[in-house]
Amino acid sequence: MTNSSLRPSGRRADQLRDVRITRHYTKHAEGAVLVEFGDTKVICTASVAERVPEFLRERGQGWLTAEYGMLPRATHTRSDREAARGKQTGRTQEIQRLIGRALRAVFDLNALGPRTLHLDCDVIQADGGTRTASITGAFVAAHDAVTKLVAAGRIARSPITDYVAAISVGMFGGTPVLDLDYDEDSACDTDMNVVMTGAGGFVEVQGTAEGAPFSRTEMNALLDLAQAGIGELVRLQRAALEA
């Protein structure tokens, strides 16, 4: 796709939205990041607790877990808070488990010691790709948190073994495109979320045919596109952490 008008956003097929990572966004959490993928904005915080879940007692290793939520008016119409409904949706549970799995893939939990790193991802504005933005921002928040643990002498070394980031790809108008916004996500034939490490290893691939089935050739093209996009996201993570 060379004609940018084929995408509602006017972007090239292989072009990310404008991605911004703002560290130290709030003052209380050990790590706090505002991550923006275009009009999708997520606050990601990392908090350290000197305890572990019951199933890890006496093992000496740590744990990392995540929670995810959306503000009532993060979308076009208001939705009730899940706390008011008294129950999390299946979507919320799925996304927060994904965030936790993604981050644990690049953590040495033994090096973290007997403590828990809580990652909270709160969507303040949604325009597609909230889970991928959450993973990308949560990594930076987690990095800041463990850097403080090392500096304070609470752990001997960083438990982080690699970078991790995530991006969406999809078949839109018969063409593989990168980083779908809401308009594209709502109209695409295939929607795929890809999580990868900085070294290029796959952590998770979630792909669904929303319309027409996709071929192996199309899947390979989508994965290639995702890999290139995640490489750019990792570069942005590094730049943010070095700033």
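Each position is counted from 1, following the chain as shown.
Yeah, the Cβs are placed from backbone N, Cα and C, and that goes for glycine too.
Bear in mind that the values here come from a model prediction, so they are computed numbers and not experimental data.
Matching R91, R104, R157 to the phosphate binding residues that Swiss-Prot gives (G129, T130, R131) identifies R91.
In the structure as shown, the Cβ atom of R91 (phosphate binding site) sits within 10 Å of 11 other Cβ atoms.
In sequence order, T40, V42, M70, I95, V123 constitute the residues six or more apart from T130 (phosphate binding site) in its chain with CB-CB distances below 8 Å. Within 8 A of the CB centroid of the phosphate site residues R91, G129, T130, R131, the other residues of that chain are Y68, I95, V123, A126, G128, T132, A133, S134, N193. All protein chains included, G129 (phosphate binding site) registers 25 other Cβ atoms within 10 Å of its own Cβ.
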